[in-house]
Each structure stands twice: as structure tokens, then as C-alpha cells.
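One structure is given here, and the rest of the page talks about it.
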Amino acid sequence: MATLLPPPKRQKSNYAKSLEKPVAPEPEVPIPSIVVQFKSSEDGSNLGPAINLPADTGRDALQMLVNKLRGETEDPLPYAFHLVPKVPTTSTSTQSARVQINNSIQLDALKTPGTTLSPEDVFELWCEPQAVFRVRSVGRCSATLSGHSSPILCCAHSPTGKYAATGSGDATARIWDMDTETPKWTLTGHKGWVLCVEWDSREKILATGGHDGQVRLWTPSTGQAYGQPLFGHTKWITSLAFEPLHLVKSNSPSPRLASASKDGTVRIWNTLTRTIEFVLTGHAASVNVVRWGGENVIYTGSSDRTVKVWSGVDGKLIRTLNEHAHWVNTMALSTDFVLRTGPYDHTGKVPKDDEEAKTLALERYKNVISTQPETLITGSDDHTLFLWPDQASSSFSTSATPKKPLARLTGHQKQVNHVAFSPDGRMIASAGFDNAVKIWEGRTGKFVASLRGHVAAVYRVAWSADSRMLVSASKDTTLKLWNLKTYKIRIDLPGHTDEVYCVDFVADKVVSGGRDKTVKM
């Protein structure tokens, strides 16, 4: 028997409707209007006159106003806003807490419990520009350089952006001059594939790690080997990290180097004497990634599903972070960019000597961690990422208790391949085998957006120095430059004829390499 549909509902007659009591609308809460004085956090000067605004004016509208007042209508700058409430004269505390404005003054300042602000006050709103310089957008392929006879497995820009280094399956590494876009040196010596390349932050040493278990050091200015290779690992090298410049001891001119290997150990080398300082053992499987933090803490992620935190002074284990359920593939620090570029910033000033370079590097590092301590993000084959709090603050206390992660970032449907913090530490980009690039908040780990467009696994992501653009490299042979205002593709960068394995972004140049054996800029 066929299913019978229920009879249609009887419509109410107009007469029945007229007998119903009207529902009183909720009374609207009047939005107070407030007087706002914009102040520049750089020199404390007023930006234009005080303005009368509704208290629920959003942060985007405030940014628009400040850009109007500064006359930057062509290309608006992003701003961060905060209020400094007046401390009553009777109060004993001298330090007044800053109130960060993330949504609107009404939500963040007036409605928060315990606030001393009222709509009668004149609100001094301090404006901090978030990016003081701007990177030109990448638009075309300006050079295609062949030379390697095997796929290119890794690439890295030097701190000033003057050179790029690539490592390949043909057992050589090459240095390319980025100004003239020509090959500079070919570094031969490895007996197997070159799997990783790393620059020190003074641009004086280039380290390469190979499938032959050797770590080799090179002088980029001459293309010659910087002493003998470093032997010790029994299996191939997976990752390299130089000691941050501001931690280098005054009596030793060159930084130490950490090398992680498939043999489960991390070796710390003195690059001057080319001797081992200490070996970090404790992982039960391959160490896939190593990072050297600015607080002299070494982070290692391994296929034994753990992340270990070590002291950079003597190599003692501080704590083990075991939350991941599968191999840890990738790791990034919120200070990566500033540690990698050391004393060189967007102004292009060159330090006179090592001491000045160290002071500049320390100053830049201090600036970054003043707003947000050094945080760590780890990505794994279990499809998730974990955001960890500052591991160094209590590193020299005896407690080896693991700190709880700040957030577990879920959303990828397949393995997470690469993760990177934006240079200002506000955003995190992660790339996975599920063809997606995902953007997360750098402080809380909240999901922001998913960048869809690649049609195959995404291998690497790289940020521009002003944190406004992101480039991703994929198995689908393309690079994509993303617009982070709309979270859509800004420009598609085709040209490679096979998978793109590596990409790096510095100044206004992107360098990429892949299976088609060519380097593109």
C-alpha cells in the first residue's frame, strides 16, 4: 500500500489572526555615543581631532578612520588598538592595564566586568601600525634556472635575501644570486641526496645535510667548504638549525649547529672547531625536525610521536610533550622569522661588526616577544596540530612536568605536511595532504579560514615578510599566492612541469624548486 501524505495544515483565517495578542518587540538598548581621541603609539601625538562615535563601532571601521586621518586611502595599513584606563589617584598600583580592542569599545571596554571606564570619558585610543613596510606582490616568473640534474628537494633564502640555496637529488647544493637571478656556486661533496639547507643569520655559513649522514658547512661568499664535513650520524639528516645570533657566546665568532637525523639523535656541533658539543638522545625513532628557540631551548619532533624540549646550554632534557597520536612531521616557532633574519630587517642596514649584529638581533627578538612569548606549533600525521605555550619560561626550574597545550587545531582531513608562523606571530598557516591550506590565529589557535584551490597535496607554505601574503607549493605543479583579506587566490603561479617540493619567500621574490629540476623565481 502506498504511503498516504497527511492532509495539509488548515490555514488560519484573518479573523482568528486578528484575535491573537501582538507580541511586544524587545526594547532596544540605546548605544551610547563616545568621544574618541586617536593617538599614535610611535610618538604619542594626536591623530586629528577628537571624534564622536557610536560605542559599537567595529575594529575595521576604526582602522578605516585612522587610515583616513593619516591620508593613507590608497593602500590602508592594518592597526591594533588599545585603551589605557586612567588609574584613580587613591589607587596604590602605578601600572594601569591595557585594554586591547578586538571587536568594539563597547564590547571590550565598557561591558567587561570590573572596568573603570564610562561613556562620559574621552577615550584615548592608541593605534599601533601592524606592518610598517609593504612587500610588492609577486606577479610573474622572472627566471627559470636549470643546473640540477635531479629533483630539487629543499630551498632556503639567505637572511638578507641576497642569495638562495637549493639542495637536490644529484648530491649537490647550489647557491643562486637573487639580484642578478643567476647561478653563483655549485657545492659538491655529498655522496647522496642533499635533503636540507640552512643559513646562519649572519649569512657567513651555509649548512647542508645529506642522505649520506654528513653535515657539510660552506662559505657562501667563496663557494668553498668551510672546513671538514661533520661525521657522526649513522643515518640521513632530516633537519638543521643554527643557534640564534643573540645567544652566540662572545668568545666564539660562529654559532653552533643542531642536526637531526633518522638515527634518532640530535647532535650539537661547534662550527668553529667542527667538534660535537653534546648529543641529544632519548627519541625512540627518527627525529624529523629540530628548532633552536631564542631562549636557548632546543625543540625536537620525532616519529616516536613526542616533542622534546632540551636546554641549549648543556643538552639536558627539560620536558617531553606527548599529545600527538602519530609521527610529528613539522614544527614552527612564533619567532622563526626574526631568529632566521637576525640583525637584518626591512631597512637594509648592515651591521658594522659581530657585536653590533648581536645587539640588533637581540633588540629585534625582544620586540617580538614583548607582545607574545615564544610559542610552538607542531603538526603531525594524526591530522592535527597542537599549539604549545612558552616552554622556556620555567625551563630552568627542575619541574619536568609537561605544559598543557594551548589548543588542539583540528580540521585537516589528512596528514599535516608543513606549518609556518607569520613573521608577526599573529597567524599560522598549515598545509596538508588534503589539498588545503588552513589559516589559524597565532595566539589562540582558533580556526580562521581554509584556502581551497590546489587539486593535489600541498607540500610547503611560506609567508611574506609583512605577513600579508602567503604562497603555497603543491604536488599539482603550481604555486598559489593567497590574498589574506579575502582568503582567495590572489595569483596563480604556474610554470613548473612537475610537483613543486619547496618554496621560500623573501623581500618581493619567491624561489621554488621541484621534480622538474628547475629553480623558478
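Positions of Cβ are set from backbone N, Cα and C atoms, glycine also.
For 34-82, the entry in TrEMBL reads domain 'NLE'. Annotation comment: TrEMBL describes 1-26 as region 'Disordered'. Taken from TrEMBL, the feature repeat 'WD' applies to 145-186, 187-228, 230-270, 280-320, 409-450, 451-486, 493-521.
Under DSSP, residues within the repeat 'WD' (230-270) fall into helix, strand and coil as 3 helix, 18 strand, 20 coil. For the repeat 'WD' (409-450), the list of distant contacts is 130-131, 326, 329-338, 368, 371-372, 375, 377-381, 383-387, 456-463, 465-467, 470, 472, 474, 482, 484, 487: same-chain residues at least six beyond its ends, Cβ to Cβ under 8 Å. For the repeat 'WD' (145-186), the partner stretch with the most Cβ pairs below 8 Å, chosen from 230-270, 451-486, 493-521, is 493-521. Within the model, the repeat 'WD' (145-186) carries an average pLDDT of 87. Across the range of the repeat 'WD' (493-521), the DSSP-based residue counts are 0 helix, 17 strand, 12 coil. Shown for the domain 'NLE' (34-82): DSSP residue counts in helix, strand and coil, namely 12 helix, 17 strand, 20 coil. Taking Cβ pairs closer than 8 Å, the repeat 'WD' (230-270) reaches residues 192, 195-202, 204-205, 207-217, 276-281, 283-294, 296, 298, 300, 302, 304, 310, 312, 315, 339, 342-343, 354-355, 357-358, 361-362, 365 in its own chain, all 6 or more past its ends.
Sequence-distant neighbours of the repeat 'WD' (187-228) (same chain, 6+ residues past either end, Cβ-Cβ under 8 Å): 150, 153-160, 162-163, 165-169, 171-175, 234-242, 244-245, 254-255, 257, 259, 261, 263, 269, 271, 274, 339-344, 354, 357, 361.
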